[in-house]
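All remarks here apply to the structure that follows.
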Amino acid sequence: MLRRLLERPCTLALLVGSQLAVMMYLSLGGFRSLSALFGRDPGPTFDYSHPHDVYSNLSHLPGAPGAAGAPLAQVLPDCPERSPFLVGPVSVSFSPVPSLAEIVERNPRVESGGRYRPAGCEPRSRTAIIVPHRAREHHLRLLLYHLHPFLQRQQLAYGIYVIHQAGNGTFNRAKLLNVGVREALRDEEWDCLFLHDVDLLPENDHNLYVCDPRGPRHVAVAMNKFGYSLPYPQYFGGVSALTPDQYLKMNGFPNEYWGWGGEDDDIATRVRLAGMKISRPPTSVGHYKMVKHRGDKGNEENPHRFDLLVRTQNSWTQDGMNSLTYRLLARELGPLYTNITADIGTDPRGPRAPSGPRYPPGSSQAFRQEMLQRRPPARPGPLPTANHTAPHGSH
């Protein structure tokens with residue numbers, strides 16, 4: 001029966017036509033659609049072997065020295081959704097480390113406090129870049145040199161905040177980010193909060209520093225440290241973006257993670273428990289290079305992280321922005337960034353070994369999966385709003 005069908009001319013013509021149609025579909029981008037259905041969309045193709053200089057096209061921006069000035073009209077048009085000044089992959093070099101004076105000279109339109117606003121059009125996003133920091137001056141200069149032109153080409157209104165932890169106690173990245181969010185929101189009603197590690201430099205300016213109104217974005221999806229792929233599906237470290245409402249809906253970040261490790265997985269769990277989902281740019285776009293460095297004194301591996309992660313689903317509504325206390329020591333408007341120096345206290349547990357369950361080396365990924373699959377508790381009551389004030393005697 002099948003043989004007789006295949007011998008008919010009309011059947012053969014139908015099979016050949018179907019094959020040609022499939023080939024045509026794939027050649028016109030259908031493969032990308034199938035990838036989106038059955039896996040992560042790899043996104044557009046970029047040639048990272050021939051990157052552009054990170055300062056490319058900066059002189060072409062309206063209002064730049066030598067460029068056409070901004071129109072005199074009182075009402076400016078909206079900036080395009082995708083800036084015409086983008087170049088794609090940009091070169092990232094770790095040496096020589098530029099001086100602050102050199103960075104200022106190359107970014108003449110950046111204003112006091114690290115603020116920038118495009119000329120000639122109304123920006124579609126006001127983005128605050130918040131960088132936790134301590135004893136990484138070379139890394140900070142590399143980031144500032146790289147990030148300012150990167151963001152200007154995207155035609156965003158932005159400000160860079162560097163949150164400096166005072167003292168020599170154990171580093172607390174997540175708590176510093178909470179401090180940065182609160183201080184940034186006191187300055188302006190930002191549309192988007194970009195939480196940015198100091199040692200990560202973006203490699204593609206099509207990776208737009210804007211938020212997704214549908215949910216938190218994890219932006220550093222392809223780091224050279226991990227072979228330009230995600231280390232595990234729920235990873236939320238490096239660079240992330242949230243609207244102020246999203247940040248407050250999940251009660252910000254935890255304050256109790258002193259030292260290296262654990263807070264990223266706590267944050268990913270908070271996103272889910274708050275009823276939100278993580279989105280990401282295509283892998284081909286979210287490329288980052290990490291500045292090489294040795295382990296930091298005061299940022300040793302956190303021995304308590306697994307015990308804290310066990311409690312996340314019960315503690316996230318009590319530990320975060322609504323429990324944040326710190327002492328503001330300085331607020332300085334530098335030419336390239338706003339410096340916030342804060343005393344955030346010290347680890348109340350000290351360096352002693354944790355109590356409770358212990359987990360063998362190599363079990364962290366299985367542990368993450370277990371934590372992220374637990375059912376959320378009942379929805380909490382209202383969390384603090386962006387204009388929430390700190391307890392008396394603290395910020």
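Every residue gets a Cβ built from N, Cα and C, even glycine.
Per Swiss-Prot, the features are as follows:
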type	residues	note
TOPO_DOM	1-10	topological domain 'Cytoplasmic'
CARBOHYD	Asn57	N-linked glycosylation site
BINDING	132-136, 171-173, 198-199, Tyr228, Trp260, 293-295	UDP-alpha-D-galactose binding site
CARBOHYD	Asn168	N-linked glycosylation site
BINDING	Asp199, His293	Mn(2+) binding site
CARBOHYD	Asn339	N-linked glycosylation site
CARBOHYD	Asn387	N-linked glycosylation site
For this session: Go through the recorded positions Asn57, Arg134, Arg136, Asn172, Tyr228, Asn339 and tell me which ones have a CA within 10 A of the CA of Asp199 (Mn(2+) binding site).
Result: Arg136
Problem set entry | Rounded distance in angstrom between the Cα atoms of Val198 (UDP-alpha-D-galactose binding site) and Asn168 (N-linked glycosylation site) | 18
For this session: Calculate the per-residue pLDDT averaged over the topological domain 'Cytoplasmic' (1-10) and state the result as an integer.
Result: 53
Exercise. Out of Asn57, Arg134, Arg136, Asn168, Asn172, which of these recorded positions is nearest Asn339 (N-linked glycosylation site) by C-alpha distance?
Worked result: Arg134
For this session: For Tyr228 (UDP-alpha-D-galactose binding site), write down the residues of its own chain that are at least 6 apart in sequence and whose Cβ falls under 8 Å from its Cβ; none is a fine answer.
Result: Ala222, Thr283, His287
For this session: Could you tell me which of these recorded positions, Arg136, Asn168, Asn172, Asp199, Asn339, has the greatest number of Cβ atoms within 10 Å of its own Cβ?
Result: Asn172
Exercise. What number of additional C-beta atoms lies within 10 angstroms of the C-beta atom of Asn57 (N-linked glycosylation site)?
Worked result: 18
Exercise. Secondary structure at Arg136 (UDP-alpha-D-galactose binding site) (DSSP, helix/strand/coil)?
Worked result: coil
Seminar exercise, completed: Cα-Cα, Asn172 (UDP-alpha-D-galactose binding site) versus Asn57 (N-linked glycosylation site), nearest Å, comes out at 38
Problem set entry | Listed in sequence order, residues with CB under 8 A of Pro132 (UDP-alpha-D-galactose binding site) and six or more positions away | Ile163, Gln165, Arg173, Leu176, Leu177, Gly180, Asp197, Val198
Problem set entry | Count of other CB atoms lying within 10 Å of the CB belonging to Arg134 (UDP-alpha-D-galactose binding site) | 20
Exercise. At the level of the C-alpha atoms, what whole-angstrom distance separates Arg134 (UDP-alpha-D-galactose binding site) and Asn168 (N-linked glycosylation site)?
Worked result: 9
Problem set entry | Pairwise CA distance, Asn57 (N-linked glycosylation site) versus Asn168 (N-linked glycosylation site), rounded so that it is a whole Å | 42
Exercise. What Cα-Cα separation, expressed in whole Å, is found between Arg136 (UDP-alpha-D-galactose binding site) and Asn168 (N-linked glycosylation site)?
Worked result: 13
